[in-house]
Each structure stands twice: as C-alpha cells, then as structure tokens.
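Below is one structure; the comments refer to it alone.
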C-alpha cells in the first residue's frame, strides 16, 4: 500500500473518531438540563433548584399536618412523607409526587413543596422516597414506586381521587406506574390524573452518557423500563387517566423531543386522554419549582383536574 493511501485511511479514521467524540459530547450536553437554562450558570441553576425545593418543603411542613417517614415497604428507603390538609372532610383528593434528580440525586426530604398551595384546597400530598443509584437500580426503583402507590391506596382508601405528579426522572417513574400490569399486585389503582413534567420516556439514548454511570443499565434493562415501549400496557391499565405531558420552553431539544414523542405515541392511541403543555418562560428546573405557587399555570391545571380550582 502506498504511503499516500495509508495516510488517507488514517485521516478518514481520525475524522470518524472525531465525529464520534463530537456526537458523544453533544449527546451529553442534550442530557445536561442545567446547560440550557437562560436564567443562570449550570452550577448556579442546580444550587438554586435544590434551595427552592428545600425552602418550599419547609413552608409546606409549617402549613400542613405531616406524617413523615411512613413505611410502604421493608427497605430503609421505602418511606413516604404525607402532607395532610386541615379539613374535616374525609373525601379528599390525593397527589403522589415523585422527585427528579436523574435517579441518583434528591430525595423525598425536599419534595413536599407542592403541598404549599394544595393543602389550602383540601388536597393530600404524598412525597415518595425510593432508593436512588447506586444503591437502587432501575428495576428496583420502578418496583418501589409501584408498591408505594399500592400502599397509599391501602392506607387512604377513603380518598376521592388519586393523582400522580413526577418531574424529570420522577416523570419517567410516574409513566412507569401508569404502565403497570396491576394483576401482579393486591389492588388495581384507579389513577384519575397524571402530570408528567419534563420527563424521559425512552431510556436508550442515555445508555452511553454520564447519566448511566451509576445506573449501569444494559439495553435490555433500558427497554423494559422505557414508557415509550409500554404504551399498550398503559392503555390497558390507565385508559381512564387524564395525562398531561408538560415540557419547558427552555428544556434541551432532546428533552423536548422525548416529551413530544411520548405525547404523540399516547395521543395516537385510541381511548387515551392526553394533552401536551409547552410551558413558556420556563427551564427544566423552574417548571416544577413554581408548583409552590397557587397561581402558576400547572398548579391551576392540576386543581382544575381535581375539581378544586
């Protein structure tokens, strides 16, 4: 082989490798929500997010009657925090909140913030704890949140309606709850409504990113835990549920695509009730932080869904 031919081949290999590295970097960026906020730097938006959730949760604990660390299973992390309104009515709606944090960050300890406007309206809020990675893997977390719903129904059988709200990784987990084959459980929850906020519904694209390092998902694990693959089961289990797929204006293009694609998959399935909410002037973080505010668009939608507006 001529030196010039060898040089040409090496150059092509170099260009291919460089293109692959660029594509990998771009995928990492697409799945780094903090890189897309227009309000502040990546580090600052995460710090601000945690502060906002903690402060909101502290406010909620001052306003509501609380039952903290209620077990829903035998595991150390299988606990609920319950925010109860001061109402004499037994016939109250209940919202289960599933926190985000890429299945490896945050906890129920800063997840009671949405109770601030809701307890005033006579709504119970339940924040679910689950074993984030590396302690928990994806199969474990999905199993835990499903069992948390069963436990809530068994403990609060008098509620007028059960609703879900999940953010980011929590929106994924909420979608997995909607896609549960309940024949394997002792009860079949009648979930009236679900708010899926800036979620991930197809796990395959994150396999090669930093997100998967503590999760260690294989392709098989990612497929069986991708709500986008489970729409037929969702139709069987949750056809009576009003589903809101919400996405932030300043979510990354890939996050927006995840919400739009999942919405289209549900919307094209006969018998499902689903709407897409593209929330203006929000990013991946303040789209959920603002649920502390009773006048916020998504809070108003949730209250309307529950007949509490």
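Cβ from N, Cα, C; glycine included.
Feature annotations, reproduced from TrEMBL:
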DOMAIN    80-178  domain 'BD-FAE-like'
MOTIF     99-103  motif 'HGGXW'
ACT_SITE  168  active site, nucleophile
ACT_SITE  251  active site
ACT_SITE  284  active site
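Everything TrEMBL records as a feature, shown here on the structure.
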residue: 168; record: active site, nucleophile; Cβ neighbours (10 Å): 27
residue: 251; record: active site; Cβ neighbours (10 Å): 26
residue: 284; record: active site; Cβ neighbours (10 Å): 25
Open item on the list: Between residue 251 (active site) and residue 284 (active site), how many Å separate their Cα atoms?
Closed with: 5
Task: Per-region confidence, the motif 'HGGXW' (99-103) (mean pLDDT, whole number) - done: 97
Task: Secondary structure content of the domain 'BD-FAE-like' (80-178), with strand meaning DSSP E or B - done: 38 helix, 23 strand, 38 coil
TODO: To the nearest whole angstrom, state the Cα distance for the pair residue 284 (active site) and residue 168 (active site, nucleophile).
DONE: 8
